[in-house]
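Reading through the structure tokens given below for one structure.
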Amino acid sequence: MIDVAVHVGTLFAVVLYFWRDVQLALFGLPRLLQGKLDTQGAKLAFLLIIATIPVVLFGLFLKVTGLDDAMRSVAVIGWTMLGFGLVLYWTDQKGGQDLTAPDWSLRHAVIMGLWQAIALIPGTSRSGITISGARLLGYARADAAKLAMLMSIPTIMASGTLLAAEVAATADAAAARDGAIAAVFAFGAALLALTLMMRLLRSISFTPYVIYRVALGIVLLVIAYS
């Protein structure tokens with residue numbers, strides 16, 4: 001229940017912060033369902049759907065094979081925290097600043113969707129790995145973060161729905177209360193983090209976040225192998 005609540009709280013925070021873009025995509029859905037991509041909203045909705053397909057397919061593969069549980073270990077999380085932290089640093093330094101969110105294309109949606117699918121490996125930050133892909137494509141830091149957050153909406157909805165289905169049968173009143181509290185705190189924390197991140201990215205790089213991931217990864221590896 002707590003996992004579902006955290007997903008819901010985070011989802012609402014992202015939707016609220018990027019409400020204009022979410023509204024644009026929602027209004028574009030009718031045109032998309034008619035098979036038309038002649039509006040900005042329809043194009044955005046289409047690209048978000050395309051970008052979500054890889055993570056859904058990879059998630060189903062991990063679930064069917066049982067690899068999702070097999071990879072849940074301190075060692076795996078430590079290595080992914082460290083490794084993908086360094087990947088983010090490399091892509092952030094190598095990536096250009098020429099592209100903005102309106103430049104998002106079908107090709108880029110597919111590529112970023114593949115990067116996002118990697119986040120299903122425990123310890124891999126979904127936003128961090130997706131931003132890595134966007135930076136490597138040449139998106140400016142704030143725009144890379146914006147696209148990563150917009151891509152998280154259908155992804156969180158999908159994973160949250162799956163988790164909700166798994167815990168619905170065993171939930172009770174106490175669990176529901178704890179879940180509500182967790183959702184509120186998750187919403188507040190996510191909204192604050194989003195606000196700070198989007199403001200800071202106008203003037204700094206992702207290096208502070210990289211340092212955090214590398215340091216935590218090293219600590220986890222020491223614990224795992226000691």
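Every residue gets a Cβ built from N, Cα and C, even glycine.
Here TrEMBL flags 44-62 (among others) as transmembrane segment.
According to TrEMBL, the transmembrane segment annotation covers 74-92 (among others). For the transmembrane segment (74-92), the list of distant contacts is 118, 121-125, 128-129, 131-133, 135-136, 141, 205-207, 209-210, 212-214, 216-221, 223-225: same-chain residues at least six beyond its ends, Cβ to Cβ under 8 Å.
TrEMBL lists 104-123 (among others) with the feature transmembrane segment.
Look at TrEMBL and you will find 144-167 (among others) tagged as transmembrane segment.
Summarising the annotation, TrEMBL assigns transmembrane segment to 179-197 (among others).
The transmembrane segment feature in TrEMBL is assigned to 209-225 (among others). Long-range neighbours of the transmembrane segment (209-225) within the same chain, counting only residues 6 or more positions beyond its ends whose Cβ lies under 8 Å from a Cβ of the stretch, are 73-75, 77-86, 88-89, 92, 123, 125, 128.
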So what's near the transmembrane segment (44-62) in sequence-distant terms, Cβ-Cβ under 8 Å and 6+ beyond its ends?
21, 24-26, 28-29, 32, 37, 68, 71, 104-106, 109-110, 112-114, 116-117, 119-120, 150-151, 153-155, 158-159
